[in-house]
Amino acid sequence: MHKQPISCLSQARDLSLESSDQTKEFVQGKPVILLKWLGSNPELPSILLNSHTDVVPVEQEKWSHHPFGAHLDRQGNIYARGSQDMKCVGMQYLEAIRKLKASGFEPVRSIYLSFVPDEEIGGHDGAEKFVDSDVFKNLNVDIVLDEGLASPDEYYRAYYAERCPWWLVIKATGQPGHGAKLFDNTAMENLLKSIESVRRFRASQFDLVKAGLKGEGEVVSVNMVFLKAGTPSPTPSEAEAGFDIRVPPTADPESLERRISEEWAPSSRNMTFELGQFKQKVSVHDKFGKPVLTATDSSNPWWTLLEEAIRKANGKLGKPKIFPASTDARYFRQRGLPAIGFSPMANTPILLHDHNEFLNKDEYLKGIDVYVEIIKSYASYVEHTRKEASRDEL
Ligand SMILES: CSCC[C@H](NC(C)=O)C(=O)O
Ligand SMILES: [Zn+2]
Ligand SMILES: [Zn+2]
């Protein structure tokens, strides 16, 4: 994973943000950088602006410009790995603060910026350790902003929840034998029956999205990501397939698990299964099995303030959505904190993790002005809102 935490520190110095005593290595070599803009009433709970410093790898030869060269083309598009996911957001936070400081604005609530590692590989040594720490507890955070997605149309997207990844491997065993012989109960036949069943389920979910009945983040998605089996002859006695499944907080995890064990990997067909990172299946549900969501109605003042701030910056906000993939926001929501996924990139194709990831400079600059309004509004909001749930309650 490519990391650039050092530049955050030089930016912090440049902006006179506090940093030295706040930077923590919960895991050696994986720093969490914390910057602080002290509010005039530090007793009030704070605002946390989170971003991750790691990016996914690149296949350099498939890019039209060097993926780490930040090439600016004639249309004003900046090509770089992380230009959407999510160096843009981390820098926009800092640039918005630069503008606010230059304008003489003084926050009432303290504002923290966290730059965390490892989001792309699950956040276990990054946001998860940070959120579990006393350092985080002492920040007394009231609201978290984290990453969202680009939007190909003129409406910004904001996310109030996310789906949970289940990495599934199903294994089939069966009768080995001569490759020229037709016989029942081979590992391949057993596995293929399961794959057919998974595909029917996948189509049923995808049809709901295609028909406009459900959003992308509201269905269970399943993609087969690998197949591993045998040699040309004899007929192999073992075969396996891996799936990337994404489960929305509104789905019933128990019934999906039943489907896996009864339809996709039934022992009656000599099949077994493993759910990797299985622990994560609870991360979008609380301990009572209730979905972990951030409210997007008048019960959540931070949502209303976000809407108003975007409007004030002449931006348009679409209907709140469930994030289709996985972000660090789930760790904050699990602690009972409201967390909104938001990356101000309208009129932009969704290119995170793709070749030729880019962001247009005008969108980038507009996003800074959107954050100026959001930070101004959040840091001036003095009503008491909610407290972090204590660890014992979770
Ligand atoms: C669970 S770790 C992987 C995290 C990654 N996040 C995004 C935003 O792509 C994903 O959902 O695949
Ligand atoms: Zn990201
Ligand atoms: Zn990513």
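Each Cβ is built from the backbone N, Cα and C atoms, and glycine gets one as well.
Binding of Zn(2+) 1 is attributed by TrEMBL to ASP85, GLU147, and the same site annotation extends, among HIS52, HIS124, HIS178, to HIS52. TrEMBL annotates ASP85, HIS353 as Zn(2+) 2-binding residues; of GLU61, GLU120, GLU383, the candidate listed for that same site is GLU120.
For the pair GLU119 (active site, proton acceptor) and ASP85 (Zn(2+) 1 binding site), the C-alpha distance works out to 10 angstrom. With every protein chain in view, the residue among the binding-site residues ASP85, GLU120, GLU147 whose Cβ has the most Cβ partners within 10 Å turns out to be ASP85. Each residue contributes its Cα atom, and for GLU120 (Zn(2+) 2 binding site) and GLU147 (Zn(2+) 1 binding site) these two points are 12 Å apart. Counting only the Cα atoms, the space from ASP54 (active site) to GLU147 (Zn(2+) 1 binding site) is about 13 angstrom.
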